[in-house]
């Protein structure tokens with residue numbers, strides 16, 4: 001276990017990932033607990049659910065939110081393990097992964113929030129009017145997405161700091177961290193030949 005580094009837990013970025021993991025777990029757990037109380041997804045299904053109204057199982061958007069939050073919780077645990085074992089991927093790889101998860105989280109939040117606010121029974125009675133757990137789940141999904149945005153900013157800054165470039169992109173000025181010229185930067189930084197003299 002020589003590669004294990006417990007001091008990484010002091011890093012703001014590591015702690016932010018831990019918060020994201022907690023938020024995503026809370027989001028899918030809250031939605032899983034919403035077994036009734038949802039006034040929808042349509043009038044016919046609502047009648048079939050009975051007087052206690054429907055659970056999250058009747059909503060494809062809510063099930064999508066659960067799936068995305070579970071995936072992100074697992075993803076964040078893997079990332080934290082990589083940090084602890086000093087097996088952190090290059091910033092461009094990490095940024096790409098965060099971008100994909102960011103899109104999925106925002107889509108899950110937006111779709112669920114839309115489903116939560118539509119009206120089936122009457123214009124003043126939205127689907128989630130009495131569904132406290134569903135509303136909490138959607139809120140925590142939003143907080144997770146927002147926290148991931150900050151992780152993307154941290155990772156982008158690291159990308160620039162190490163002068164990383166996209167393989168095959170060439171040394172163009174518009175690529176973050178890469179300047180024009182004949183020399184190309186790499187990650188991790190390589191020792192110059194003069195250091196061996």
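Quick reminder: no glycine exception, Cβ is built from N, Cα and C everywhere.
Pulled from Swiss-Prot:
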- 178-197: region 'Disordered' (REGION)
- 1-13: topological domain 'Cytoplasmic' (TOPO_DOM)
- 35-63: topological domain 'Extracellular' (TOPO_DOM)
- 85-99: topological domain 'Cytoplasmic' (TOPO_DOM)
- 121-135: topological domain 'Extracellular' (TOPO_DOM)
- 157-197: topological domain 'Cytoplasmic' (TOPO_DOM)
- 14-34: transmembrane segment (TRANSMEM)
- 64-84: transmembrane segment (TRANSMEM)
- 100-120: transmembrane segment (TRANSMEM)
- 136-156: transmembrane segment (TRANSMEM)
Taking pairs 6 or more apart in sequence, does the count of Cβ pairs under 8 Å between the transmembrane segment (14-34) and the transmembrane segment (100-120) hit 3 or more?
no
Over the topological domain 'Cytoplasmic' (85-99), work out the mean pLDDT and round it to an integer.
91
